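Written below as structure tokens is the structure these notes are about.
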Amino acid sequence: MGFLAIVLSVALLFRSTSGTPLGPRGKHSDCNSVDHGYQCFPELSHKWGLYAPYFSLQDESPFPLDVPEDCHITFVQVLARHGARSPTHSKTKAYAATIAAIQKSATAFPGKYAFLQSYNYSLDSEELTPFGRNQLRDLGAQFYERYNALTRHINPFVRATDASRVHESAEKFVEGFQTARQDDHHANPHQPSPRVDVAIPEGSAYNNTLEHSLCTAFESSTVGDDAVANFTAVFAPAIAQRLEADLPGVQLSTDDVVNLMAMCPFETVSLTDDAHTLSPFCDLFTATEWTQYNYLLSLDKYYGYGGGNPLGPVQGVGWANELMARLTRAPVHDHTCVNNTLDASPATFPLNATLYADFSHDSNLVSIFWALGLYNGTAPLSQTSVESVSQTDGYAAAWTVPFAARAYVEMMQCRAEKEPLVRVLVNDRVMPLHGCPTDKLGRCKRDAFVAGLSFAQAGGNWADCF
């Protein structure tokens, strides 16, 4: 690949009973907070799968979140998904077409469906919403405040892909970080603002650990699509039948059902800058139906990019190998998707930094989490019935890769330990580590953590890509 083509900026969150439609929603304020994420309509918004706004899982953590008093953090790597966005180009066309078809064929729009008669589809496509930008500012502030013993004097080294919503998310993270620093009277006043240090182009022409595109067999895989089709055929026909009975003249496919459900989260995160107004699409569906929708999106990511796809985890191997290099301050060893040109240079891949921040997409985060073995306890998901998070060992798309998802890899030094300890937090849930012996707080010794990443060290099954 041509090095000059790399773009660098180096100088640079109901009245509900099962089966009962949801009641009307009013406005809420203070929906989003730096510490807890999105807290409005939790019975509903926590069931939006990968379209859920980030919400803290601290209360679901099997281990305490606080750092013990005899320990101090010496290294942090945050890996984050971009903030809330509008639908992709293809989904924009599909959603608008479903709504237009209903408006053309329906002979009546009773009750809660009245808004559809004159509804004008006006969502943007692909880009961050104002709420999504605020999510990333909040993430920057959270990062600064959580690790202020370091951030008062040290800037994170920041990488992103060159996709607009990803790169802008990194920029908003920087804004939130720097604003928090400026409000901190204990911070070094002479420390310059951080910046987006590296922006890596997306596409099959570039090696990029923050975006999949190189593994040809994976890119043509239909495993995820097949799983989605299987479960859609299980839960959506009954919904289509109910909606058709409510909207005389309308005929709906199962895909139309999924499209209408998706309008609920997408419009909610687009209407206001704190997502305090719930879209009227949300009340068209029952609590049970939202549970099914949430599971559908979990299946999509599990079979598309996680352990349910034979080539899913290997898409995250490159980033896992970069993490090991950063933890040990040793050169990267990888023959998958690492950009060797960038990773060989201290300017674009320093090994002596203390704080790192990488920004990517939901799909890539799923692959990376599996490459790290974080969900090794998750058995193959059923494609015919809903499984709870207790049945999936803590995996669900809304718990794993919501809008503005964040994973923290922390290394800490403790008085009673000669070797530093490592733990991983996904959306404030301290993860059970599967590849190394853990203590009662869910931590592994650094060398054991690295040794446990044998799948990544061996390059996974990258050879099956071609």
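From the backbone N, Cα and C atoms, a Cβ is placed for every residue, glycine too.
Here the structure is a predicted model, which means the values were calculated and not measured.
Copied over from Swiss-Prot:
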SIGNAL    1-19  signal peptide
DISULFID  Cys31-Cys40  disulfide bond
BINDING   Tyr51, Arg81, His82, Arg85, Thr88, Arg165, Lys301, His361, Asp362  1D-myo-inositol hexakisphosphate binding site
DISULFID  Cys71-Cys414  disulfide bond
ACT_SITE  His82  active site, nucleophile
CARBOHYD  Asn120  N-linked glycosylation site
CARBOHYD  Asn207  N-linked glycosylation site
DISULFID  Cys215-Cys465  disulfide bond
CARBOHYD  Asn230  N-linked glycosylation site
DISULFID  Cys264-Cys282  disulfide bond
CARBOHYD  Asn339  N-linked glycosylation site
CARBOHYD  Asn352  N-linked glycosylation site
CARBOHYD  Asn376  N-linked glycosylation site
DISULFID  Cys436-Cys444  disulfide bond
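Each of the recorded positions Thr88, Asn207, Asn230, Asn339, Asn376 was scored by the other Cβ atoms within 10 Å of its Cβ; the lowest score goes to Thr88. Looking only at the recorded positions Asn120, Cys264, Cys282, Asn376, Cys436, the one with its C-alpha closest to His82 (1D-myo-inositol hexakisphosphate binding site) is Cys264. Of all the disulfide-bonded residues listed here (Cys215, Cys264, Cys436), the one with the fewest other CB atoms within 10 A of its own CB is Cys436. Other C-beta atoms found within 10 angstroms of the C-beta of Tyr51 (1D-myo-inositol hexakisphosphate binding site) number 25, with every protein chain shown included. In the structure shown, across all protein chains, Cys444 is the one of the disulfide-bonded residues Cys414, Cys444 with the greatest number of other Cβ atoms within 10 Å.
Rounded to a whole number, the C-alpha distance linking Cys71 (disulfide bond) with Lys301 (1D-myo-inositol hexakisphosphate binding site) is 36 angstrom. Thr88 (1D-myo-inositol hexakisphosphate binding site) carries neither a helix nor a strand DSSP state and counts as coil.
Checked against Asn207 (N-linked glycosylation site), the binding-site residues Tyr51, Thr88, Lys301, Asp362 differ in C-alpha distance, with Asp362 being the nearest.
Residue environment of Cys465 (disulfide bond) contains 17 other Cβ atoms, counted within 10 Å of its Cβ in all protein chains. Least crowded of the binding-site residues (His82, Lys301), judged by neighbouring Cβ atoms within 10 Å of its own Cβ: Lys301. Of all the disulfide-bonded residues listed here (Cys31, Cys40, Cys71, Cys282), the one with the fewest other CB atoms within 10 A of its own CB is Cys71.
According to DSSP, His82 (1D-myo-inositol hexakisphosphate binding site) is assigned to coil rather than to any helix or strand. Reported as a whole number, the C-alpha separation between Asn230 (N-linked glycosylation site) and Lys301 (1D-myo-inositol hexakisphosphate binding site) equals 14 Å. Neighbours of Asp362 (1D-myo-inositol hexakisphosphate binding site), defined as other CB atoms within 10 A of its CB across all chains, total 21.
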